[in-house]
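Features of the protein shown, as given by TrEMBL:
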SIGNAL    1-22  signal peptide
TRANSMEM  288-310  transmembrane segment
TRANSMEM  353-377  transmembrane segment
TRANSMEM  383-408  transmembrane segment
TRANSMEM  420-444  transmembrane segment
TRANSMEM  456-479  transmembrane segment
TRANSMEM  510-533  transmembrane segment
TRANSMEM  539-567  transmembrane segment
TRANSMEM  579-598  transmembrane segment
TRANSMEM  610-639  transmembrane segment
Amino acid sequence: MKSLNPRFIFLLSLTLVSSSFGFYLPGLAPVSFCEKEDAKECQKDIQLFVNRLDSVESVLPYEYDAFDFCKDTDERRPSENLGQVLFGERIETSPYKFSFKADKACVKVCTKSYDAGSREDKLKLDFLKKGMELNYQHHWIVDNMPVTWCYIVEGNQKVCNPGFPIGCLVNQEGKPKDACVINADFNKKNTYYIFNHVDITIVYHSGDETNGMSPRLVAATLEPRSVKHSDEDSPSCEGTPMDIPAEFKSNLKVTYSYSVKFQQNDDIRWASRWDYILVSMPHTNIQWFSIMNSLVIVLFLSGMVAMIMLRTLHKDIARYNQMDQEEAQEESGWKQVHGDVFRPPRMGMLLSVFLGQGTQVFIMTFITLFLACLGFLSPANRGALMTCAVVLWVLLGTPAGYVSARLYKTFGGENWKTNVLLTAFLCPGIVFVDFFLMNLILWVEGSSAAVPFGTLVAILALWFGISVPLTFVGAYFGFKKPGIEPPVRTNQIPRQIPPQSFFTKPVPGIIMGGILPFGCIFIQLFFILNSIWSHQMYYMFGFLFLVFIILVITCSEATVLLCYFHLCAEDYHWWWRSFLTSGFTAVYLFVYAVHYFFSKLQIIGAASTILYFGYTLIMVLIFFIFTGTIGFFACFLFVNKIYSVLKVD
């Protein structure tokens, strides 16, 4: 096996990474704006949409309407795809409406009144204060762009966050928490400060008059402020912050307002208008370090495999084939277990089911990442990544059924009905039960992430109506085919396995096998977990696709190496071991997820903790099947290849 050319890898990675920048989703047409509306060419009104609110201190997101904010009198909800529903996105219109190039200062949106004697008002205010205490964040959208809050951090670095907080808290000791540190006026002990005013800046590209192109929006930023309006009917948006005491003893009024201004900037192209968000995320150097670290591991493993294949194996095979049978009997090592190496494994039914499901997951992951790398599943197309993955999984039931049935027949299995039923229902059933239990918790907590009952029925319809029949079709063709014939004959009496050293025993070998593949992905894993649990935007699909390829190579080479060492020790039980060796990477993934929970997140509450580990178990199970399948087929091809060149009577 030849090692990959480093120059080729560098050029490939450069190509993949470049696809993550300056590329907008094909098929998303730009919207043109003008001061006087033209139904055919452009539009005058700009609608601001609001999304769910989330927090890094809680796994539970909530709809905008769950808090007592200003609501749109003519509220509309855009149609949401499957991925958006599964991710808990709940987009709706807001009362913040603008006209293109019409600057406005301190416009009142609404006033919310809270009566100290009303139990309902007390509950509303308590929920709002709880949101400020847990640092829940608004997520607003203009022209399909996130409205970002940009601020300067240490080192004079500009950071743009696609969300801004509801408010903040100064605790009983007088210590400001979260966003309260930005203003010295936030200084009252045991007091909440709500951000009830926003200064919005919308940047537009003027277009090209020579080609008749109208202006387009290229950026939207805001700055949240807390303002106590002395006159709610004619607010001035100046003055002291809007403070809410921790103890609700007197009536309270909160007036929400906004200011908006438009700026022209012809340097920002519409196709690259998301770059101002991405540039503020200084992760590129870390990503390159991750890639180089992974490549070093791959080159090391490739060198080891090449040395074994080209030197050790080649000499062993040549010497073995030149000996007569009596001399061959005195040989030891992998050559002597040729009569047992293809003996069917124990629990072949379960192994074949895992491999069928693993094939389905592998193809789904490859196609999804490839499309994301090309830009078809960019952040601009909300929910597209999850929708694509689910649809592909449903449509790939046929290869799952075929692989499972063909391998089960190779193992000599006869209970084909049980095999096809387990392939169709075992792993998806475990995932669905876990997902349903997590959804029950979300329902009880009233979270926007709770999948509606109708969507659950639709998912079940996709599973039972499309995926299961396609699995049956694949199994039908798999069982019609003959089992895969081994290159050597299997002895009737099993050979006794000699005593093994510590490193060639099953458990130490399996534990060691997952270390190198995990070493290739742990940095990328940090960014993925950040995007899921810390609500950061993930856009580096070029890096992710490259790491995916490196993971496949590393799992394959590490499993082949350990498989060869075990065969040299005359231990021929390689079927399950090859699957578990690379599949053990999922255990390291789980350990890292536990470490991430306690070291990086500030999640509090039993419900959020259960949800975190419930969803993590789904991820670990899928990753276990995925990596185990890679290791098995790499070892399967390796074992078939080396024993096919032996001259055995």
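Glycine too: its Cβ is placed from the backbone N, Cα and C atoms.
TrEMBL labels come from automatic prediction, so no person has curated them.
Three or more CB pairs closer than 8 A are found between the transmembrane segment (510-533) and the transmembrane segment (579-598), so contact between the two stretches is assigned (pairs 6 or more residues apart). Below 8 A, the CB atoms of the transmembrane segment (383-408) and the transmembrane segment (579-598) form no more than two pairs separated by six or more positions in the chain, fewer than 3 in all. Residues of the same chain lying 6 or more positions beyond the ends of the transmembrane segment (420-444) and with a Cβ under 8 Å from any Cβ of it are 60, 349-350, 352-354, 356-357, 397, 400-401, 404-405, 450-451, 456, 459-460, 463, 467-468, 471-472, 475, 607, 610-611, 614-615, 617-618, 621-622, 625.
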